[in-house]
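Taken from TrEMBL, the feature transmembrane segment covers 6-27, 60-81, 93-114, 126-149, 155-183, 246-269, 289-306, 327-347, 367-384, 437-455.
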Amino acid sequence: MERREAYGFSAVMSGAFLLSCLLFAAINRHQRGPYMDEVFHVPQAQAYCHGRFLQWDPMITTLPGLYLASVGVVKPAAWLFGWTGSVVCSAAMLRFINLLFSAGNFYLLYLLLYKIHQKNKAVSGFQRIMSALTLAMFPTLYFFTFLYYTDPGSVFFTLFAYLMCLYGNHKTSALLGFCGFMFRQTNIVWTVFCAGNVVAEKLNEAWKTELQKKKDEKISSRKGSFSDLIRILRFLIEYLISLKNLVTLTVLTWPYIILVIVFFGFVFVNGGIVVGDRSSHEACLHFPQLFYFLSFTGFFSFPHLLTPIKIRKFLLSLRKHPVQYSLIAVISLFLIWKFTYIHKYLLADNRHYTFYVWRKIFQRHELVKYVLVPVYMFAGWTFADALKSKSIFWNLMYFVCLLAATVPQKLLEFRYFILPFLIYRLNIPFPSLYRQLLELAFYIVVNAVTFYLFLNKTFQWPNSDEIQRFMW
């Protein structure tokens, strides 16, 4: 990092943290007590603060990583500054832990952008800083910076694990992956993704060697013709059935393999992935979740994906490959017909944006979910087109992890899309500065509207005196 870029990054990060602190103070003035899931998280952390580590609220579904990390920060700080009484482990103090995680996420996003795009000399330091700021303010993640939820810490340890993986520190990466797993069990998927990065890199090297041997200039790991796909699949099978290759991959990825074994051991002992209340978190094959994620990504990446050039390229592709797209459309319609699930929380809780998305769009008519298939297809095409600079093996690993992270979830919840979105956004090519600034401005507007609604547009349920607020 050049000195000028370092100074610029420090200034932007400090300014963003200061503004976040001011917003944090305003939110805590309006909402002093625990809200929504904080009703479970805050008392559990306070029990840990008082040394009651065997006490557990059965309504909590995640492992105690958030509470252990909070006690590890708050207790030394209380001793150092002489804090006593109710201020120690208060709701505001616990929420501040997420503000620290948010600052860490900003730094990690910058380092990841620097590492992933280090070969692109056309990218300026200012662009890297702006992209890091934009992603740190990603609305769904940024909102939960100010509440005591698992998301900022979960993202912090997962991004840190990904960064260490890219630098080849796989033991450290696996350890950080374990910390992420302690925040949210489904983060094991992104540990597998880190291992997949290593595997994809070796596969890509072997594939290039294979091409050089055959001296076949027409074959490319980035082209999408059917014959190329068959040849790549044949190569993949031949590579993975080789004992020598399997030993090589095992030696490279053994820290991640150990963590995956620990995960399966936990699932066996626990009787499932979810800790506590399992009735509301049942796994299922909810394939339309992938379509929702693609739409979500298209919405938040519209400055990069929704351009006249992209639309023209999609229409040309549609005209060139009508049979393939017709087949994709038929499969999509079938998946929507047979695998659409509606969680009871989605229909009952009018505090979440997803409640209104479902009611205003999907519940207008039974056919709406089918009519949206062309939108899903365009979103999927632009999504794949943005990642075409990555090798086909990297794309395969990411797609498998994306399916594993989204499809088993019955509840439509935007928080589940945070990590797959960030990893996608980190790996697409840098857009023009104009599009970056447009994306940042869009995120600022969305955040401003979200916080305005949360703070000022409160309401009450008929049978309750508690103040309710709109949120993600």
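Note that the numbers count up from 1, one per residue, in the order the chain is shown.
Note: Cβ is positioned from N, Cα and C throughout, glycine not excepted.
Distant neighbours of the transmembrane segment (60-81): 40-41, 44-45, 48-49, 88-89, 93-94, 97, 100, 148, 150, 153, 157, 179-185, 274-278, 281; these residues of the same chain sit at least 6 beyond its ends, with a Cβ under 8 Å from one of its Cβ atoms. Across 93-114, 126-149, 246-269, 289-306, 327-347, stretch 126-149 shows the highest tally of CB pairs under 8 A with the transmembrane segment (437-455). Here the listed stretches are 93-114, 126-149, 289-306, and the one with the most C-beta pairs under 8 angstroms to the transmembrane segment (367-384) is 289-306. Contacts between the transmembrane segment (126-149) and the transmembrane segment (6-27): present, as 3 or more C-beta pairs lie under 8 angstroms, all at sequence separation of six or more. For the transmembrane segment (246-269), the list of distant contacts is 170-171, 173-175, 177-178, 181, 185, 188, 191-192, 194-195, 198-199, 202, 240: same-chain residues at least six beyond its ends, Cβ to Cβ under 8 Å. Counting residues 6+ beyond its ends, the transmembrane segment (93-114) has Cβ neighbours under 8 Å at 1, 9, 13, 16-17, 20-21, 24, 28, 41-42, 45-46, 66, 69-70, 73-74, 87, 128-129, 131-133, 135-136, 141-142, 144-149, 151-153, 155-156, 159-160, 162-163, 166, 422, 426 in the same chain.
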